[in-house]
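Peer 1: What TrEMBL lists as ATP binding site is B:Asn44, B:Lys61, B:Glu115, B:Asp116, B:Leu117, B:Asp250, B:Pro251, B:Glu252. Residues annotated as substrate binding site in TrEMBL: B:Asp233, B:Arg340. The domain 'Aminoglycoside phosphotransferase' annotation in TrEMBL covers B:35-269.
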2 protein chains.
Amino acid sequence: MSTSPKATYEPLNEQTAIQLAVKLNVFEAATGLSCREIGDGNLNLVFHITESATGRGIIIKQALPYVRVIGESWPLTLERARMESEALQIFARYAPQYVPVVHHTDEQYAITVMEDLSRLKIVRTGFAEGEVYPLLSTHIGEYLARTLYGTSDFALGADARRELALQFHNPELCKITENFVFTYPLIDDESNAVEPGLTELAQELWSDQKLLLEGAKLKQHFMTSAEALLHGDLHTGSIFASDEETKVIDPEFAFYGPIGYDIGLFIANTLLSALARQDDTREQLLHHVTNVWNVFQTRYTELWQTDNQEHFAAVPGYLDYQLQHILEDTVGYAGSEMMRRVVGLAHAKDIEAIQDDAKRLHIKSSAARLARDFIVNRSRYQSAEQIVQALQQADQGVEIGI
Amino acid sequence: MSTSPKATYEPLNEQTAIQLAVKLNVFEAATGLSCREIGDGNLNLVFHITESATGRGIIIKQALPYVRVIGESWPLTLERARMESEALQIFARYAPQYVPVVHHTDEQYAITVMEDLSRLKIVRTGFAEGEVYPLLSTHIGEYLARTLYGTSDFALGADARRELALQFHNPELCKITENFVFTYPLIDDESNAVEPGLTELAQELWSDQKLLLEGAKLKQHFMTSAEALLHGDLHTGSIFASDEETKVIDPEFAFYGPIGYDIGLFIANTLLSALARQDDTREQLLHHVTNVWNVFQTRYTELWQTDNQEHFAAVPGYLDYQLQHILEDTVGYAGSEMMRRVVGLAHAKDIEAIQDDAKRLHIKSSAARLARDFIVNRSRYQSAEQIVQALQQADQGVEIGI
């Protein structure tokens with residue numbers, strides 16, 4: 001598969017972005033439009049166009065044909081723009097209130113024109129600033145149950161599911177996850193960013209054969225199990241929210257994989273923000289962890305019982321088995337994600353922001369111990385409350401015993 | 001996906017088959033060729049063309065755009081001819097000595113021109129006639145290890161594996177398996193063929209909630225786990241053999257699925273032939289069951305250790321975990337296959353041939369009890385010897401206790 005830009009591809013600038021908006025008749029008039037590029041320049045251009053008369057806005061997102069991930073530019077398929085816009089449209093079938101509206105897509109230019117979410121804030125940023133987003137986990141639990149159940153064999157039947165899975169053949173982005181989440185953080189790879197006070201702990205992890213074995217199993221399960229259409233990168237940087245509203249964005253890593261991966265990523269990043277938080281709002285973040293699972297479980301159960309194409313769906317024990325399997329994966333993948341946020345390349349912003357070295361190192365080593373337990377002992381977890389209990393044990397420096 | 005024949009598709013007859021052979025320059029001269037249609041007329045036309053001067057022959061196989069499976073004709077994709085010929089060519093990369101040579105393919109006409117195997121006999125037929133094929137399990141064990149390991153993530157790396165899996169998107173044939181192997185035999189479906197003396201046993205199986213639960217798990221694993229490129233229908237009717245040679249044919253059900261499925265099908269059908277056999281050659285068939293697993297395990301281990309792209313391949317316990325997982329699936333899928341051969345639509349020829357009612361019913365109910373144990377208790381099996389031990393227990397009417 002080619003990773004080079006197509007012949008006609010050209011990056012937009014603020015002027016041509018406005019021209020495109022006019023051409024697409026997104027606004028009533030062709031005048032009074034202003035445009036600002038608000039992307040991080042790493043993977044995509046993001047243009048925010050607003051109409052001064054009405055205050056209305058739209059977003060034009062354009063994929064760049066490379067990613068700057070380890071200092072140098074690395075060519076990356078423009079196909080990911082198609083993955084993202086198609087995934088957004090599919091997720092909108094199941095959970096329209098939790099994804100931005102897509103107005104227009106152009107595969108050749110790798111462009112998606114979508115709803116302006118500037119009234120909301122990225123949750124990762126909000127969490128680092130002390131926000132709690134009281135409805136976040138209820139919304140994300142609903143989103144997860146509806147999109148993951150909705151795209152599974154149980155809801156779609158195998159034929160339609162297999163067809164949909166073809167559309168989300170996404171090898172380049174899957175490979176990034178396989179490397180940066182599942183492989184490099186568990187070995188002494190040059191891409192890892194381990195701060196000096198943690199080198200001993202990192203060495204210990206990298207020679208922990210039990211951790212490597214269970215990490216390898218999670219990796220293989222990620223690579224081979226086509227359970228549902230995943231967002232594929234559902235950390236708190238992929239969620240916009242306010243106190244009332246929640247929108248999941250950026251599903252360019254979408255592919256058919258294990259259901260627990262999406263849930264695990266949300267839980268891991270919320271746990272890291274909770275660990276970073278020292279005031280009494282920590283409890284509210286921990287509540288998100290139990291609540292997201294409980295909401296997911298309730299809605300998944302309801303969908304399973306009311307809209308299921310599998311002949312054996314009502315066999316006693318089958319739904320319980322599925323939920324326990326998903327929980328086990330959720331815990332394991334939360335562990336993989338936390339591990340990479342401590343010793344891998346991309347860290348948790350709110351933990352890195354802690355200036356007090358002892359405090360920061362304590363949090364990171366608690367997170368690493370917790371991550372190890374999640375990976376190695378994932379099958380012991382029977383409830384989301386136990387996830388929170390394990391965090392409290394890790395933070396207090398006592399042995400994690402679920 | 002369209003299941004109707006393409007505009008230019010036309011079925012061959014004995015004359016046009018010869019014309020095609022001449023056009024393809026398969027033989028040195030265009031004269032002295034004779035042709036016989038030897039297919040069963042159910043799914044495919046099979047022309048055997050021989051050159052009288054040299055005695056050389058070839059096979060021209062053409063898919064028909066329907067299948068007669070339950071008395072009436074059922075349209076079925078011609079794509080399966082492409083699946084079959086492409087799978088044969090891929091399997092030939094890994095195990096050339098165990099698959100027929102493909103000389104030519106034509107997608108439009110759904111034609112595969114391949115090696116004449118008339119020197120060999122279909123193993124199902126040979127088994128029914130008392131043959132034992134002393135090298136069969138050594139060859140099939142090699143074939144299974146080489147093709148299944150060779151097409152896995154471990155050998156190919158995830159990128160190449162994902163690409164190959166796309167090529168074997170085979171929903172229509174997968175659906176046949178999902179229905180006729182995994183669903184109908186476990187429920188009171190009209191397609192089942194239960195002989196009168198077994199109705200009580202069948203009712204018992206169909207209301208056995210533990211069996212249904214474990215059967216459902218095996219079905220879902222079959223549907224979602226893309227471990228390796230499977231043959232997909234590896235019963236003894238898909239194998240040609242002599243005392244010296246073995247060739248695996250008819251991989252039209254090829255798709256990415258769980259490794260244990262192929263192994264389980266071979267074992268199930270061999271066990272059924274062993275149960276049907278009352279003389280002292282039964283032991284030789286039972287030897288095939290232990291030997292096919294042991295040969296598979298030995299070769300898989302060697303390939304794993306010498307040609308592995310997975311970073312964690314050498315982590316202690318990982319290979320053992322894989323092998324135990326494959327054995328568990330093998331036992332479970334052997335159970336699903338045996339169950340459908342007793343209560344489902346397509347039965348085991350050699351068992352049906354037994355005239356003595358009491359004897360035949362004893363064998364069938366032993367097979368059904370064994371199948372149930374394989375499905376329900378598959379995780380208890382730690383060796384292929386235990387599979388044979390369970391058969392002996394079932395045949396002697398004692399409780400199966402592995």
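Please read every residue number as a count from 1 along the shown chain.
Note: Cβ is positioned from N, Cα and C throughout, glycine not excepted.
Bear in mind that the values here come from a model prediction, so they are computed numbers and not experimental data.
For the listed features, I'd like the structural context: burial, neighbours, distances.
Peer 2: Within 10 Å of the Cβ of B:Asn44 (ATP binding site) there are 19 other Cβ atoms, across all protein chains.
Annotation note: B:Arg340 (substrate binding site) sits in a helical segment as assigned by DSSP.
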Peer 1: Calculate the per-residue pLDDT averaged over the domain 'Aminoglycoside phosphotransferase' (B:35-269) and state the result as an integer.
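Peer 2: The answer is 94, the mean pLDDT of the model over that range.
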Peer 1: Cβ atoms within 10 Å, counted per site: which of B:Glu115, B:Asp116, B:Asp233, B:Asp250, B:Glu252 has the most, among these binding-site residues?
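Peer 2: Checking each of B:Glu115, B:Asp116, B:Asp233, B:Asp250, B:Glu252, the winner is B:Glu252.
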Peer 1: Across the record's ATP-binding residues B:Asn44, B:Lys61, B:Glu115, B:Asp116, B:Leu117, B:Asp250, B:Pro251, B:Glu252, the largest CA-CA distance in angstrom?
Peer 2: 18
Peer 1: Once the DSSP letters are reduced so that anything not helix or strand counts as coil, what is B:Lys61 (ATP binding site)?
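Peer 2: Looking at the DSSP assignment, B:Lys61 (ATP binding site) belongs to a strand.
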